[in-house]
Amino acid sequence: VAIQCLETVFKITLEDTHLASSQHLIEMFTNSTQKNDMLPLSRSLPEGIVKADQLKDEGNNHMKEENYGAAVDCYTRAIELDPNNAVYYCNRAAAQSKLNNFREAIKDCESAIAIDPKYSKAYGRMGLALTSVNKYQEAVTSYQKALDLDPENDSYKSNLKIAEQKLRDMSSPTGTGLSFDMASLINNPAFISMAASLMQNPQIQQLMSGMMSNAIGGPAAGVGGLSDLSSLIHAGQQFAQQIQQQNPELIEQLRNHIRSRYLSGSTEEHS
């Protein structure tokens, strides 16, 4: 059927032997592939490649001096001269990240990876940029690829843990990324005892009663929003002050717990 279709479309038959090629299709494909592999990746002239490398070094110096805009300019000019060098894109990604141009940094990392799929630093820098735009799942994938290529890199390991933690935070019931282990807190005997003691305070009882009345449609419902908010803030301040007075150690434990889980800084890579 395929032969008949081709004969109909091209108006030929098996008798037209004078149209036959001297090579089989597989041979033509193989020869063409080999020739393409021998072609240079870039049409850049040798002097252009040398100049591009000089611009890269100049950009690296600007990075050390924290002159990130000038670094981006140098890497961009290097790319124009030699567009098939993955290092130039990856270095420009680092400079773009320093300028908070994270989406541009991601694009540059993607370009570097397209040129060199085994360039671990490009995956690592893309992970940093993805984390900065809250794309934690993609960041985790990028860091995992970086570690596959460079298993001993401590920076990738550390940043992977941070991205994984942020991903878990985003999946938490609060969805804020700033939650802590509430279950552990409410099951803490010291906290339960302290809360019970505070609820015996007449002033706290009065504030709670007023807020509950407003919540179910009391006299101030719908018209006393600002007053209710002030009362809530005031009650919260009093509650916090009394917790601090009665059990300062518990407050310090909570602070340390939050710091250890959510305030850890990420390790930055150098160009």
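Numbering starts at 1 and runs along the chain as displayed.
Backbone N, Cα and C atoms are what each Cβ position is placed from, and that goes for glycine too.
According to TrEMBL, the features are:
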type	residues	note
REPEAT	52-85	repeat 'TPR'
REPEAT	86-119	repeat 'TPR'
REPEAT	120-153	repeat 'TPR'
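A mean pLDDT of 95 is what the model gives for the repeat 'TPR' (86-119). For the repeat 'TPR' (86-119), residue counts in helix, strand and coil come to 27 helix, 0 strand, 7 coil, using DSSP. If you look at the repeat 'TPR' (120-153), the same-chain residues 6 or more away from its ends with a CB under 8 A from one of its CBs are 86, 89-90, 93-94, 96-97, 100, 102-103, 105-106, 109-110, 112-113, 159-160, 162-164, 166-167, 170, 266, 268-269. Residue counts for the repeat 'TPR' (52-85) by DSSP state, with H, G and I taken as helix and E and B as strand, are 27 helix, 0 strand, 7 coil.
Counting residues of the repeat 'TPR' (120-153) by DSSP class, helix then strand then coil, yields 27 helix, 0 strand, 7 coil.
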